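Visitor: Handing you a structure now.
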Amino acid sequence: MFSCDVLRFWPREQLIRKFFAASLLLLMLFSIFLFGILISENERFSKEIEGNRETKQEPYIGTKAKPRSLHQSDIPQEDSDIFYVDSEPKNVVADDQLQIVTSHPVKKLPNVLIIGVKKSGTKALVEFLKIHPDVSAPANEIHYFSRNFHKGLDWYRRQMPVSIGNQIVIERTRGYFVHKDAPLRISLKIPNARLIVVVRNPVLRSLLDYTSQCVRNKSKVSFLENFFWNNITGFIDMSRDFVQTSMYVKFMENWLSYFKLEQFHFVNGDMLYKNPSLELSKLETFLNLRNMISSDHFFYNTSIDALCIKKYECQGRSRCFTENKLKYRPPSYLVRRLRDFFHPFNEKFYKQTKHHFSWNI
């Protein structure tokens, strides 16, 4: 039988080692027990906090539903054919970036371009066309196919007004007609475009162009010095831009290299102010528009010598346009020389376009 007397026979060092080993084992067991309790309490505490967050979460302002995730279709694409004004448009059908069948307001490339000619009534024409409910047009010239071509097609589209349904978009920049690169650029970007050219008597157009430059530059008007190569020979100076612009046949040769004649419509600028409804009726046919613009839309204001649009009267004002008229009387000799000079160019232009204009001053 074991008794305490036996301890007297154990070595003292061995007794101490066994005591410390037993104490260390008890300490390890106690530490493991405490660690298990701490883990259990931590999990319980975490679950309580998560539960509180779910029950006390603030709702989204204005709605109880969470917002939907952002889809790729919500992000504007730079290469898209149109930019939508309202959100999530539906049932959009595009045809060569031109014909858009939709009831939503959109910005699209123009169907029609008024390409010139300077001092022939292009500004008045586009405003007259905007009377039609199926026509939309920007307020100012864009100059995309001349000086702003480097800005890209998306920039050009963003300059357009919104249009709805089958509305056609018309862009006017009178400088396109004489710009050497404009025909090629337009043929690449809008190959099916319909092109409107406003022309008038080349003698009168040249004189108007020259005198307006004098007014703009605040320079003295001198017809003989600026139109003639020299006063002795009486030859017209063909290097002058106001003379060259009236040589319509030369510029049309460039345009007809890229477009069919059927894509052009020529407006008689001399008749535009005298009988606007007649010229606009022809344009409506060319553009496949409903025949809606008539003489009832216009009246002549004798007090300011201007043609006005009646549709603005409901707004308490009228939009009026004065015809470009010469403020300085040119010498009769110059007029005769200009008429003789332009005559062969006019005849070629008539044959080229299959349109005959009786240009006499």
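Cβ coordinates come from backbone N, Cα and C, glycine included.
Those TrEMBL annotations? Automatic predictions, nothing curated.
Summarising the annotation, TrEMBL assigns active site, for sulfotransferase activity to LYS119. Summarising the annotation, TrEMBL assigns 3'-phosphoadenylyl sulfate binding site to ARG200. The annotation disulfide bond is assigned in TrEMBL to CYS308-CYS320. For 110-290, the entry in TrEMBL reads domain 'Sulfotransferase'. Per TrEMBL, the feature transmembrane segment maps to 20-39.
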Visitor: CA-CA, which of the recorded positions LYS119, CYS308, CYS320 lies nearest ARG200 (3'-phosphoadenylyl sulfate binding site)?
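Guide: Checking each of LYS119, CYS308, CYS320 against ARG200 (3'-phosphoadenylyl sulfate binding site), the shortest Cα distance is to LYS119.
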Visitor: Over the domain 'Sulfotransferase' (110-290), what does the predicted model average in pLDDT?
Guide: 94
Visitor: Tell me, how many other CB atoms lie within 10 A of the CB of CYS320 (disulfide bond), whichever protein chain they belong to?
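Guide: The Cβ of CYS320 (disulfide bond) has 16 Cβ neighbours within 10 Å.
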Visitor: According to DSSP, folded down to helix, strand and coil, what is LYS119 (active site, for sulfotransferase activity)?
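Guide: The residue in question, LYS119 (active site, for sulfotransferase activity), is coil (DSSP, three-state).
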Visitor: Measure from the CA atom of the residue listed as 'active site, for sulfotransferase activity' to the CA atom of CYS320 (disulfide bond) and give the result in Å, rounded to a whole number.
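Guide: Computed Cα spacing between CYS320 (disulfide bond) and the residue listed as 'active site, for sulfotransferase activity' is 17 Å.
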Visitor: Should CYS308 (disulfide bond) be counted as helix, strand, or coil on the basis of DSSP?
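Guide: Its secondary structure by DSSP: strand.
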